[in-house]
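The annotation N-palmitoyl cysteine is assigned in Swiss-Prot to Cys24. Sequence annotations record features per position, and here Swiss-Prot assigns S-diacylglycerol cysteine to Cys24. Per Swiss-Prot, signal peptide is recorded for 1-23, and the stated evidence type is sequence analysis. Annotation source Swiss-Prot lists transmembrane segment at 41-61, 117-137, 149-169, 216-236, 241-261, 266-286, citing sequence analysis.
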Amino acid sequence: MPSKKETLTVIVIMALFLLLTAACIGLRSEHLLMAALYLVLFFAGLPTRKLAVALLPFAIFGISYDWMRICPNYEVNPIDVAGLYNLEKSLFGVMDNGVLVTPCEYFAVHHWAVADVFAGIFYLCWVPVPILFGLCLYFKKERKTYLRFALVFLFVNLIGFAGYYIHPAAPPWYAINYGFEPILNTPGNVAGLGRFDEIFGVTIFDSIYGRNANVFAAVPSLHAAYMVVALVYAIIGKCRWYVIALFSVIMAGIWGTAIYSCHHYIIDVLLGISCALLGWLFFEYGLMKIRGFRNFFDRYYQYIK
C-alpha cells in the first residue's frame, strides 16, 4: 500500500483536478474514466503504482490540451489566416492550370484513393505510436530512457501549446472553406481525412476533429513533432534497425499527410519539427545540466525503476 502521505497527495490532487475541470470546462465521461483508472492503478499494488506515476507526463499532456478550452488562444493574440497563407504560397506555391496555389489547395483538388488510405493510416499513428513506444521502453525495463522520452514528449507539447498562444493560426482547410476572415468558435473540420472515413464507411476522423479544442492552433504542427521525438529516443535507446526504419516511414508519412489532408501548411510542419528538436535539445543539454532538475529526474527514476 502507498504511504499515508502518498495517499493523501493523490486524493487531494485528483479532487482538485475534478473540481477545477467541472468548474472551468465541465466534466465529461472521459474525465471520470481517466480519474478512476488512475486511482485503480495507483492503489492496486506497487507495480501498477509505479506505472501510474510513470504515466504522469502523458496525463499532464492530455489535461493541458483539454484545459486550453478555458482561454482560447484567439483571446490572447490575433488570428493569422491570410499572412500564413500568403507566406506559404510565396515559398512553396505550385502552378495549377496557370494559377499559383498552395500545396494544400493543389491536393484539395488532386487526390487519389490509395493516398487517402495511407494518409488515414499514417495519421492514426501520430499519438498511439509514441505512447506505445514509451510503454515498450517502460515494460522492457529501460525506464531511464522511457522517462527521458516521456518528459521530452511533455516538454515539446508545452512548447507547442505556447506557440498556439503566441501566434494563433488557421489551418489550410479554414482558408479554403471560409476565406481570410477569422470566425470565432468555428467547429473542427475533418478536411481531407474525411476521404478515409468515406472509403471505409466509418467516422473515425470525424469523431476526432469534430471535438477539436481549438481550430486556430496550426502553428506549430505537433502532428509533425511527435514521431521526431519517438525516433530520436529509438536511436538513443539503440532499438533494432527495423524499428528505426518503421518510425522514419511513419514520421515522413505523417508529415506528408498533414499537407495532403489540408490540416497543415509546409511551414507548420517545419516549425513542428523544429519544436521537437528544440524541446529535445533544451531538455537534454539544458535542463538535465541543472542540478535541481537532475535531482528531480533521479528521484523520479528511482521511484519508477
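Cβ from N, Cα, C; glycine included.
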- Those residues of the chain, 6+ apart, with a Cβ under 8 Å from that of Cys24 (N-palmitoyl cysteine): Trp67, Arg69, Ile70
- Query: Any chance the transmembrane segment (266-286) and the transmembrane segment (149-169) have 3 or more Cβ pairs under 8 A, given the pairs are 6 or more apart in sequence?
  - Reply: yes
- Message: Six or more residues beyond either end and a Cβ under 8 Å away: which residues meet both conditions relative to the transmembrane segment (216-236)?
- Response: 68, 72-74, 79-80, 84, 123, 125-127, 129-130, 133, 137, 145, 148-149, 152-153, 156-157, 160, 163-164, 167-172, 174, 182, 186, 243-244, 247-248, 250-251, 254-255, 258, 263-265, 267-277, 279-280
- Task: Please figure out which one of 41-61, 149-169, 241-261 racks up the most CB pairs under 8 Å against the transmembrane segment (117-137).
- Result: 241-261
- Close approaches to the transmembrane segment (41-61) from elsewhere in its chain (Cβ under 8 angstroms; 6 or more beyond its ends): 1-2, 7, 10, 34, 131, 134, 138, 143, 146-147, 150-151, 153-154, 157, 300, 303-304
